[in-house]
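**Q** Mind having a look at this structure? Questions to follow.
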Amino acid sequence: MGSCARLLLLWGCTVVAAGLSGVAGVSSRCEKACNPRMGNLALGRKLWADTTCGQNATELYCFYSENTDLTCRQPKCDKCNAAYPHLAHLPSAMADSSFRFPRTWWQSAEDVHREKIQLDLEAEFYFTHLIVMFKSPRPAAMVLDRSQDFGKTWKPYKYFATNCSATFGLEDDVVKKGAICTSKYSSPFPCTGGEVIFKALSPPYDTENPYSAKVQEQLKITNLRVQLLKRQSCPCQRNDLNEEPQHFTHYAIYDFIVKGSCFCNGHADQCIPVHGFRPVKAPGTFHMVHGKCMCKHNTAGSHCQHCAPLYNDRPWEAADGKTGAPNECRTCKCNGHADTCHFDVNVWEASGNRSGGVCDDCQHNTEGQYCQRCKPGFYRDLRRPFSAPDACKPCSCHPVGSAVLPANSVTFCDPSNGDCPCKPGVAGRRCDRCMVGYWGFGDYGCRPCDCAGSCDPITGDCISSHTDIDWYHEVPDFRPVHNKSEPAWEWEDAQGFSALLHSGKCECKEQTLGNAKAFCGMKYSYVLKIKILSAHDKGTHVEVNVKIKKVLKSTKLKIFRGKRTLYPESWTDRGCTCPILNPGLEYLVAGHEDIRTGKLIVNMKSFVQHWKPSLGRKVMDILKRECK
């Protein structure tokens, strides 16, 4: 190839500079929008042609070249045979180095009117421009097509003709800028060395962001095809019909240069071979343009067309080649418990377009949009950072004493500290024992003790101590006694004493229910059915814990069923209380309340008798009918 061709290639480099290589912020570190290096996409790949000179047998061919005054030189003729390297003119010759092999070319068979040259790529590439250097006269008509689906469908890039209107019915871009047809590269001169140039970034695309959807539609290709539709003769060819037939009826091309780059959406500056692709063995393949991007900006895919697995917190975008903005993918906040996440547009919109990442398959017993909490059955170990694989520990709840999730057989605990939710009456961090005052650990929890204090957690038997005295099994049978005291018992004034402990030494007058008028005349504040639970010796007085089982009457104080304290006032110098209240027994008690303190008082004016249903009915009748 001559100096003209070399200058043409240098000019092609300026086209590159005006195209993708002019992206703002291109740097080796790809800090902003970036693009891989440009190169000849035909290098290392197979170019196809319909025919080849000498494909089946040796052929004779001739060609003209003109002088500077356009007069013809003597034609030169030679032989071609595709089977012999020194006589072959194969399609691969169009893709070798124009500088190292300037005298190599492809040539079609003789007498061919239509020919096709095609480049098939193994992936999507960005195509920027085409340079075709002809050895034969340029065609009178040709079409440049591209495919973006590996040859399934084709679209025209440009039509070339000496007369666009007559040949294709199209306007000429020499007359109307931007027209799809041109007559600029269809002159038969020069008879050899004529070029055809197409720039994919011609107006109106040359001012666009090179990674916008509009420009991608223009630049992306998987296949490129040139259809040579009409030959034309060199104008200096002689027309002497008496001469022997000359062999000029063929197409011949020195170079077929397809300039482009790996297609990476502005997110890579280097590419590697596509998996499984094997380059054609030919000179110059060291400079081959590969098709798989080495993605930056937290992107992934052969063309950096989506975000990396853990970087989907915002929607993927191509880089902006006009401003240089990289539009990096952003990491999802998965707290170290997920390997991937996905973008959810609903989450994105709900957050005000701030965060749309949802973590996938949370690991280490976590769950949630960000794997931000321990899943049911596990709790947060505050001694470990939450990003640690063992930050969520399994709940250790007792299977019998702990509650379970509704419609679930799995026990759970407080995810913040591991405390288990216990069944009624059950205690312990693991819910593995009865609370104090409860017994009978089982499937339904624990039952309340029938005592004022604690009881045996297994049997429910009341447990006595020197301060809380449970006498359920120790009190003597109730016997009516008279009001005649036994000889005095010497004791220190400061010493407290429980009448219940020494009830046998107290002689109290037996009470009977007299007439209704006398009962009503006492104007009792309360009338209760109670069960005596225990007595507490306070030193200066006695407190009796009872369980109120029924409220027959209450006045100013609101009295409810349940545990309550009675305060006996009858305190002799021997420490006896009357009337006697024996633990474990049920009584009907009518007494007065201390308005100032709210205490329920029991004294000699109180009415106390063992509970009988008949007694209860009789007192209720008196309260309703007589005590008005």
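Positions of Cβ are set from backbone N, Cα and C atoms, glycine also.
The disulfide bond annotation in Swiss-Prot covers Cys262-Cys271, Cys264-Cys293, Cys295-Cys304, Cys307-Cys329, Cys332-Cys341, Cys334-Cys359, Cys362-Cys371, Cys395-Cys413, Cys397-Cys420, Cys422-Cys431, Cys434-Cys446, Cys520-Cys627 (among others) and is backed by similarity to another entry. The feature domain 'Laminin N-terminal' is assigned by Swiss-Prot to 30-261, with sequence analysis given as support. Residues or ranges marked as domain 'Laminin EGF-like 1' by Swiss-Prot: 262-331. For 332-394, the entry in Swiss-Prot reads domain 'Laminin EGF-like 2'. For 1-18, the entry in Swiss-Prot reads signal peptide.
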**Q** For Cys520 (disulfide bond), just give me the three-state DSSP call.
**A** helix
**Q** Provide the number of Cβ atoms within 10 Å of the Cβ of Cys362 (disulfide bond), excluding the reference atom itself.
**A** 21
**Q** Among Cys329, Cys359, Cys422, Cys434, these being the disulfide-bonded residues, pick the one whose CA is nearest to that of Cys264 (disulfide bond).
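**A** Nearest candidate: Cys329.
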**Q** Please list, in sequence order, the residues in the chain of Cys304 (disulfide bond) that are at least six apart in sequence and whose C-beta is under 8 Å away from its C-beta.
**A** Cys264, Asn265, Gly266, His267, Ala268, Cys293, Cys295, Lys296, His297
**Q** What does the structure give for the C-alpha distance between Cys341 (disulfide bond) and Cys359 (disulfide bond)? Integer Å is fine.
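**A** Roughly 4 Å, rounded to the nearest whole number.
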**Q** Determine, from DSSP, whether Cys293 (disulfide bond) sits in helix, strand or coil.
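**A** DSSP call for Cys293 (disulfide bond): strand.
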**Q** Within the domain 'Laminin N-terminal' (30-261) only, compute the mean pLDDT.
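**A** Taking every residue in the domain 'Laminin N-terminal' (30-261) and averaging pLDDT yields 89.
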**Q** Measuring Cα to Cα, how many Å separate Cys332 (disulfide bond) from Cys395 (disulfide bond)?
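**A** Per the Cα atoms, Cys332 (disulfide bond) and Cys395 (disulfide bond) stand 28 Å apart.
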**Q** If you count, for each of the disulfide-bonded residues Cys359, Cys395, Cys413, the other Cβ atoms lying within 10 Å of its Cβ, which residue has the minimum?
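**A** Ranked by other Cβ atoms within 10 Å, the disulfide-bonded residues Cys359, Cys395, Cys413 bottom out at Cys395.
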**Q** Which Cβ among the disulfide-bonded residues (Cys446, Cys520) has the fewest C-beta neighbours inside 10 Å?
**A** Cys520
**Q** Filter the disulfide-bonded residues Cys307, Cys334, Cys397, Cys627 down to those whose C-alpha lies within 10 angstroms of the C-alpha of Cys422 (disulfide bond); answer none if the list is empty.
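**A** Correct set: Cys397.
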**Q** Out of Cys329, Cys359, Cys397, Cys431, point to the one nearest Cys371 (disulfide bond) in space (Cα versus Cα); all of them are disulfide-bonded residues in the record.
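**A** Considering only the listed disulfide-bonded residues, the nearest one is Cys359.
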